[in-house]
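This report concerns only the one structure given below.
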Amino acid sequence: MISLSKNINILRLVRIGRVALMQRTMKEMRNGGDSSVDVEGKSGFGGGLEDVYGEDRVTEDQLVTPWTVSVASGNTLLRDPRHNKGLAFTEKERDAHYLRGLLPPAVLSQELQEKKIIHNLRQYKVPLHRYMAMMDLQERNERLFYKLLIDNVEELLPVVYTPTVGEACQKYGSIFRRPQGLYISLKEKGKILEVMKNWPEKSVQVIVVTDGERILGLGDLGSQGMGIPVGKLSLYTALGGVRPSACLPITIDVGTNNEQLLKDEFYTGLRHKRATGQEYTELLDEFMCAVKQNYGEKILVQFEDFANHNAFELLSRYRSTHLVFNDDIQGTASVVLGGIIAALKLVGGTLADHTFLFLGAGEAGTGIAELVALEVSKQTKAPLEHTRKKIWLVDSKGLIVSSRRESLQHFKKPWAHDHEPVKGLLDAVKAIKPTVLIGSSGVGKTFTKEVVEAMASFNEKPLILALSNPTSQSECTAEEAYTWSKGRAIFASGSPFDTVEYDRRVFVPGQANNAYIFPGFGLGLIISGAIRVHDDMLLAASEALAAQVTQENFDRGLIYPPFSNIRKISAHIAADVAAMAYRLGLASHLPQPKDLVKYAESCMYTPIYRSYL
């Protein structure tokens with residue numbers, strides 16, 4: 001007789017064999033019958049991570065079985081947003097997956113579903129209601145959500161991201177339905193790796209993380225800042241083609257100093273003041289170690305909406321040990337530099353010929369200033385210390401000058417140039433006579449009529465960038481910039497503005513939106529298997545963005561290309577970023593593909609429905 005222990009061991013081996021067979025079968029079916037798909041002789045997707053759900057390359061013509069632990073069918077299938085198709089399930093699929101009776105008899109195409117949803121969205125008069133409807137769709141039918149967003153990107157980008165996402169974060173406790181990301185709070189200190197393993201997806205490539213202390217221009221929103229990572233990662237997929245299952249939104253909750261939230265009965269986070277100092281540092285150290293331990297060396301961590309005092313410190317601390325990117329410092333800088341490079345075709349001269357004045361010396365302002373100085377240094381071969389001299393910053397105390405050096409925060413000190421003290425922005429404009437005025441202060445209405453008129457008095461085409469978000473915090477509106485400059489300003493903003501008619505001319509304001517850069521930038525890091533971010537990659541992204549602006553765009557006064565072409569733009573940015581990673585020896589996905597643009601496009605997620613039989 002066989003002993004009980006031997007019986008148990010035999011059963012274990014059988015079970016292991018079944019699991020292995022199921023996993024291999026699942027993998028083969030997801031890849032259209034082949035367990036490894038080659039692109040130019042290289043297996044895997046986006047830097048070598050396998051495409052677990054068949055999201056990248058399986059087309060509508062290749063059949064897929066919607067596997068979970070077992071084959072998803074019936075009610076389970078309808079409640080799985082990754083595989084649910086609603087009324088688009090065919091007659092054969094309804095029979096094969098026990099959907100008969102669970103759906104009305106009509107069969108609608110994805111295109112018809114999309115037409116119905118966009119019609120319904122346009123009936124909402126309140127932007128927050130559109131946001132909530134889009135989030136409901138994402139939780140119900142993921143592919144339809146992304147197809148809708150990709151096909152209507154210019155209309156829906158302000159809904160799923162700035163400016164509407166700001167209001168959504170402010171009211172997150174009231175509109176909260178179900179968690180969309182991972183929450184790591186001080187309660188999880190000492191067991192963050194264990195908590196991270198609770199996230200169901202294992203092949204994560206991009207993490208967007210915030211601690212909610214500086215959400216847009218709205219301040220400390222604590223755990224309600226989760227709307228930002230969720231929104232950013234939606235754009236990673238829609239605009240950059242990074243598959244949804246590879247994206248992980250995370251909020252680190254260390255408390256909030258927002259008294260209104262602490263008193264709000266619907267607030268979703270820890271109800272105490274923000275942890276600082278050693279307690280904060282230890283939590284972030286544990287988090288970053290857990291990220292690398294759980295997901296490996298090539299996991300991209302994007303810091304989002306951290307306050308100045310933490311943002312610079314975190315980027316400095318981890319940029320040499322992790323693949324990290326701060327969108328507020330580096331992404332904003334890259335997109336603004338791209339716009340400035342493009343604008344040179346309208347205003348004339350080289351980058352080195354221009355003088356820059358910033359209102360705001362925080363993450364965005366100093367980040368842009370440094371990248372502009374780096375680009376001028378690259379073009380002219382001049383030392384960085386020299387190229388910084390034509391870049392001036394104004395903070396809450398006035399122009400940053402050398403006599404203030406001792407009292408300045410470390411990230412402001414490189415911009416303390418020799419000049420007598422100047423208090424206000426208008427006086428600074430008159431003293432410095434900049435050709436480019438950039439607002440990153442987070443304070444609205446600061447580019448006054450007097451400021452814009454002063455810019456126009458000594459510039460034929462003043463370049464005015466009012467970058468602060470949301471719209472209410474913009475330094476000036478598009479209409480104000482065009483009217484006060486008598487139609488001569490080249491204008492772009494952080495939040496979208498409608499077209500402006502002035503003096504029988506129609507002006508189309510550009511939007512210096514980070515969404516031009518970070519989706520393509522992240523895709524470039526992924527497809528090259530980059531292990532670190534280098535400043536030259538940011539310069540490459542800026543130059544790639546500027547190269548996508550056509551003469552037709554310039555004729556309309558635009559310094560950014562339309563978002564309707566954003567997937568193509570992202571592919572070109574990804575290719576140039578990846579090429580720089582290979583050039584710098586920071587790429588691990590070898591050998592380098594011959595055509596990086598085509599390779600980037602081939603790695604992009606597509607939201608077309610699959611056939612489930």
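Here the Cβ of each residue, glycine as well, is placed from N, Cα and C on the backbone.
Values in this document were obtained by computation on a predicted structure and should not be read as measured data.
Summarising the annotation, TrEMBL assigns active site, proton donor to Tyr161. Annotation comment: TrEMBL describes Lys232 as active site, proton acceptor. Per TrEMBL, the feature (S)-malate binding site maps to Arg214, Asn469, Asn513. Among the features that TrEMBL reports, divalent metal cation binding site is placed at Glu304, Asp305, Asp328. Residues or ranges marked as domain 'Malic enzyme N-terminal' by TrEMBL: 138-319. The domain 'Malic enzyme NAD-binding' annotation in TrEMBL covers 329-582.
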Cα proximity to Tyr161 (active site, proton donor), best match among binding-site residues Glu304, Asp328, Asn469: Asn469
Residue among the recorded positions Arg214, Lys232 whose Cβ has the most other Cβ atoms within 10 Å: Lys232
Among the (S)-malate-binding set Arg214, Asn469, Asn513, as the record gives it, the longest Cα-Cα distance in Å: 18
Length of the line joining the Cα atoms of Asp328 (divalent metal cation binding site) and Arg214 ((S)-malate binding site), in Å: 10
Set of same-chain residues at least 6 away whose C-beta sits under 8 angstroms from Asn469 ((S)-malate binding site): Thr162, Pro163, Gly166, Leu216, Gly217, Gly494, Ser495
Cβ contacts of Asp305 (divalent metal cation binding site) (under 8 Å, same chain, 6 or more positions away): Thr210, Asp211, Gly212, Glu213, Arg214, Ile215, Leu216, Gly225, Ile228, Asp328
Between Lys232 (active site, proton acceptor) and Asn513 ((S)-malate binding site), the C-alpha gap once rounded to whole angstrom: 12
Fewest other C-beta atoms within 10 angstroms, as judged across Glu304, Asp328, which are the binding-site residues: Asp328
Between Asn513 ((S)-malate binding site) and Glu304 (divalent metal cation binding site), the C-alpha gap once rounded to whole angstrom: 14
